[in-house]
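K.L.:
Structure provided below as structure tokens; questions to follow.
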Amino acid sequence: MDSYLLMWGLLTLIMVPGCFAELCDDDPPEITHATFKAMAYKEGTMLNCECKRGFRRIKSGSLYMLCTGNSSHSSWDNQCQCTSSATRNTTKQVTPQPEEQKERKTTEMQSPMQPVDQASLPGHCREPPPWENEATERIYHFVVGQTVYYQCVQGYRALHRGPAESVCKMTHGKTRWTQPQLICTGEMETSQFPGEEKPQASPEGRPESETSCLITTTDFQIQTEMAATMETFIFTTEYQVAVAGCVFLLISVLLLSGLTWQRRQ
């Protein structure tokens with residue numbers, strides 16, 4: 001019965017003058033480790049009235065909330081109401097308790113760079129208020145022209161290559177979402193892009209045998225260089241001593257020759 005009522009609501013939305021809105025066929029694209037959020041909702045957007053487990057919609061309640069309005073003001077039409085599945089005559093009004101607000105999974109993103117507040121623009125509704133015993137996940141039916149914004153979840157950082165947003169557009173009679181240019185990577189991860197060289201392995205990352213071989217080879221080279229240096233030093237010292245001896249002998253011969261020449265005179 002609910003499915004027939006929902007179909008009737010969709011047909012009414014499309015056929016009533018002034019309420020025409022082209023629904024997007026698919027959901028916004030999913031990005032790994034990222035969530036999306038609409039900062040404002042275009043007129044014609046619908047939100048299913050879903051209740052958490054153990055609760056159901058009241059019989060006279062609406063199946064969905066609808067963003068409607070005029071050129072100056074837009075708001076959500078209808079209200080979602082949930083009642084306990086075990087109690088038929090108990091109807092609970094829309095005033096969520098603080099504990100239930102904490103339990104409810106919110107789709108709102110906390111971003112330091114918020115896009116332009118579209119809710120201040122004509123033809124847009126703000127985030128609809130929560131209702132008591134609401135389901136943990138909200139299901140929206142977006143219309144053409146809707147924009148959603150993406151943000152990485154906690155523990156991941158964004159690598160931007162372009163706009164981190166997706167827009168529902170009509171192309172050749174079919175609706176499609178543009179692909180957001182966002183990549184989310186872990187805080188400790190290093191992404192490998194084309195043209196980026198891998199870091200060379202350090203000696204600490206090599207096997208023990210290879211490291212030992214490297215150290216042994218290096219030590220041998222150092223010892224060989226030290227031995228060659230020592231031999232050069234010894235050879236140089238011996239050469240200097242020999243030259244000094246020759247010079248001393250030459251001086252001695254000259255002195256003796258001079259003394260002998262003086263005695264003869």
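Even glycines carry a Cβ here, placed using N, Cα and C.
I grabbed these lines from Swiss-Prot:
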type: COMPBIAS; residues: 87-98; note: compositional bias 'Polar residues'
type: DISULFID; residues: Cys24-Cys67; note: disulfide bond
type: DISULFID; residues: Cys49-Cys80; note: disulfide bond
type: DISULFID; residues: Cys51-Cys82; note: disulfide bond
type: DISULFID; residues: Cys125-Cys168; note: disulfide bond
type: DISULFID; residues: Cys152-Cys184; note: disulfide bond
type: DOMAIN; residues: 22-84; note: domain 'Sushi 1'
type: REGION; residues: 87-123; note: region 'Disordered'
type: REGION; residues: 190-210; note: region 'Disordered'
type: SIGNAL; residues: 1-21; note: signal peptide
type: TOPO_DOM; residues: 22-240; note: topological domain 'Extracellular'
type: TOPO_DOM; residues: 260-265; note: topological domain 'Cytoplasmic'
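Where in this structure would I find these features, and how exposed are they?
P.N.:
According to its DSSP assignment, Cys67 (disulfide bond) is in a strand.
Long-range neighbours of Cys49 (disulfide bond) (same chain, six or more residues apart, CB within less than 8 Å of its CB): Arg57, Gly61, Ser62, Leu63, Tyr64, Met65, Asn78, Cys80, Gln81, Cys82, Trp131.
Taking a C-beta cut-off of under 8 Å and a sequence gap of six or more, Cys51 (disulfide bond) has these contacts in its own chain: Arg57, Cys82, Asn133, Glu134, Ala135.
DSSP assigns Cys168 (disulfide bond) to a strand in the three-state reduction. Taking a C-beta cut-off of under 8 angstroms and a sequence separation of 6 or more, Cys168 (disulfide bond) has the following same-chain neighbours: Cys24, Pro28, Phe142, Val143, Val144, Gly145, Gln146, Thr147, Thr175, Arg176, Trp177.
When secondary structure is read from DSSP and collapsed to three states, Cys152 (disulfide bond) falls in the strand class. Of all the Cβ atoms in the protein chains shown, 22 others lie within 10 Å of the Cβ of Cys152 (disulfide bond).
Helix, strand and coil counts under DSSP for the domain 'Sushi 1' (22-84) come to 0 helix, 27 strand, 36 coil.
Averaged over the topological domain 'Extracellular' (22-240), the predicted model reaches a pLDDT of 74.
Across the topological domain 'Cytoplasmic' (260-265), DSSP helix (H, G, I), strand (E, B) and coil residues number 5 helix, 0 strand, 1 coil.
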K.L.:
Compute the C-alpha separation of Cys125 (disulfide bond) from Cys67 (disulfide bond), stating it in Å without decimals.
P.N.:
6
K.L.:
Which residue, of the disulfide-bonded residues Cys67, Cys82, Cys184, has its CB surrounded by the fewest other CB atoms within 10 A?
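P.N.:
Relative to the other disulfide-bonded residues in Cys67, Cys82, Cys184, Cys184 has the fewest Cβ atoms within 10 Å.
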K.L.:
Say we define neighbours as other CB atoms within 10 Å of the CB. Which of the disulfide-bonded residues Cys24, Cys80, Cys125 has the fewest?
P.N.:
Cys24
K.L.:
Please report the Cα separation of Cys67 (disulfide bond) and Cys152 (disulfide bond) in Å, rounded to an integer.
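P.N.:
It is 28 Å, counting Cα to Cα.
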